[in-house]
Amino acid sequence: MKIFNTPSNSSTFTGFILLGFPCRREGKILLFVLFSVVYLLTLMGNGSIICAVHWDQRLHTPMYILLANFSFLEIWYVTSTVPNVLANFLSDTKIISFSGCFLQFYFFFSLGATECFFLAVMAFDRYLAICQPLHYPTIMTRHLCTNLVVSCWVLGFIWFLIPIIIISQMSFCGSRIIDHFLCDPGPLLTLTCKKAPVIELVFNILTPLPVFLLFLFIVGSYALVLRAVLRVPSAAGRRKSFSTCGSHLAVVSLFYGSVIVTYGSPTSKHEAGKQKTVTLFYSVVTPFLNPMIYSLRNKDMKKALKKFWGS
């Protein structure tokens, strides 16, 4: 239980108030329906990819195993925020408990870090397939693929474990209002009774570190891929080689573009409306678009999905 001290009195509260998307009742109903449809379609799209990879023997390769795990991740990533947003639309108090707030904070950012690791591993897989095609089967074995998948999940969930334990033990004073639709570390740290520059420095380092380091790794991988593709003599061969990377590049651009705007802009933390919009894009919109991106640009995936839905 944390104590909130206001100028007029001292009161004990059991949670924070997430403002979410304040609007009139008609607007809340419209947004509730819109978010519900997007959420259900996201679950269906990513779930279909998982089932198609599981049931189609031709897709039991490292590239599609990584894609299935990525789709599984996207389901939980969007689930860490959207159900609470939907409940917020129907609530008059908009209160989220302390435990609920910190659990959402931990899972949202851990899943986000895990997504960064998966995107990097998928880029590494494409680098091996295009730049080292002869050695690809011996390097990217089922054993290595399994180790990489496990490493992505473990590293992603370890990354924010210590910071979330530290901030959850702090006391919060004054207003308990968070002008966001999720428990973001920025608004949370502004509500603490005592300023903690060391903890803020830890968050400012740990939050963008996996994003930018892994982004540089992905850029480097695709720079080598591009060089290898340009050396292919025929135009048809270049298109075929690069087509396997197009979907992944589109997903990387959508995710990292919005994340960099959120955490790379010095003014983003002071503009609640802008931060909510950009966070909404990479936490809800991109998991919704990813199944369409991967299925539209991949013939094998389209065939597997048709077979899955046809059965």
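Including glycine, each Cβ sits where the backbone N, Cα and C put it.
According to TrEMBL, the features are:
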type	residues	note
TRANSMEM	29-52	transmembrane segment
DOMAIN	45-294	domain 'G-protein coupled receptors family 1 profile'
TRANSMEM	64-83	transmembrane segment
TRANSMEM	103-124	transmembrane segment
TRANSMEM	144-166	transmembrane segment
TRANSMEM	211-230	transmembrane segment
TRANSMEM	242-265	transmembrane segment
TRANSMEM	277-296	transmembrane segment
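Within its own chain, the transmembrane segment (103-124) is flanked in space by residues 63, 66-67, 69-70, 73-74, 76-77, 80-81, 84, 96, 148-149, 151-153, 155-157, 159-161, 164, 182-185, 188, 207, 210-211, 214-215, 217-218, 221-222, 248, 251-252, 255-256, 259, 283, which lie at least six positions past its ends and keep a Cβ under 8 Å from the stretch. Touching of the transmembrane segment (144-166) and the transmembrane segment (64-83) is concluded from the presence of at least three CB pairs under 8 A, sequence neighbours closer than 6 excluded.
Mean model confidence for the domain 'G-protein coupled receptors family 1 profile' (45-294) is a pLDDT of 85. Within its own chain, the transmembrane segment (29-52) is flanked in space by residues 21, 23, 59, 67-68, 71-72, 74-75, 78, 82-83, 85-86, 89-90, 284-285, 287-288, 290-292, 294-295, 301, 304-305, 307-309, which lie at least six positions past its ends and keep a Cβ under 8 Å from the stretch.
For the transmembrane segment (277-296), the residues of the chain that approach it from at least six positions outside its boundaries are 35, 38-39, 41-42, 45-46, 48-49, 67, 70-71, 74-75, 77-78, 81-82, 108, 112, 180-182, 184, 247, 250-251, 254-255, 258-259, 261-262, 268, 302, 305, judged by C-beta separation under 8 angstroms.
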